[in-house]
Amino acid sequence: MQTASAYFNECAPDPCKNGATCTNVRYAYSCTCVTGWKGYNCDQDINECDPAPCENGATCTNLQNAYSCVCSPGWQGNNCDQDINECDPAPCKNGATCTNLQNAYYCVCSPGWQGNNCDQDEGVVIPPAIR
């Protein structure tokens, strides 16, 4: 006596989402998710911001299979881990020495010069503005 076995393709209704591959197994199916997705049907986005890749107070935005960092002032780079050198391009004048600070700079003026950028001659008195 021969028995008929019914074979059902569990992948026929396309249960796997977001580009996942469906594998038909006996009385069930299995989804192989593409990068960036998880879950039985690959319908849950992996939060790439979860391990906190953005540094120095940056804000992380979760994208599909990626993330983006919005850097705090004074920082740059994919993960906001590179200090912006505010001494470039040379804001200090007249031979002054520039010191890079966090989101700022400081000029050490040469003798005879003053001001934030050492661009004011110490011998010249600038009168206050008349209002």
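Glycine is no exception: its Cβ is also placed from the backbone N, Cα and C atoms.
TrEMBL labels come from automatic prediction, so no person has curated them.
TrEMBL lists a disulfide bond between Cys80 and one candidate from Cys71, Cys92; that candidate is Cys71.
Per TrEMBL, Cys33 makes its disulfide bond with Cys42 among Cys22, Cys42. Spacing of Cys109 (disulfide bond) relative to Cys33 (disulfide bond) is 61 Å (Cα to Cα, whole number). Sequence-distant contacts of Cys118 (disulfide bond), defined by Cβ-Cβ distance under 8 angstroms and a gap of at least six in the same chain, are Cys92, Lys93, Asn94, Gly95, Ala96, Cys107, Cys109, Ser110.
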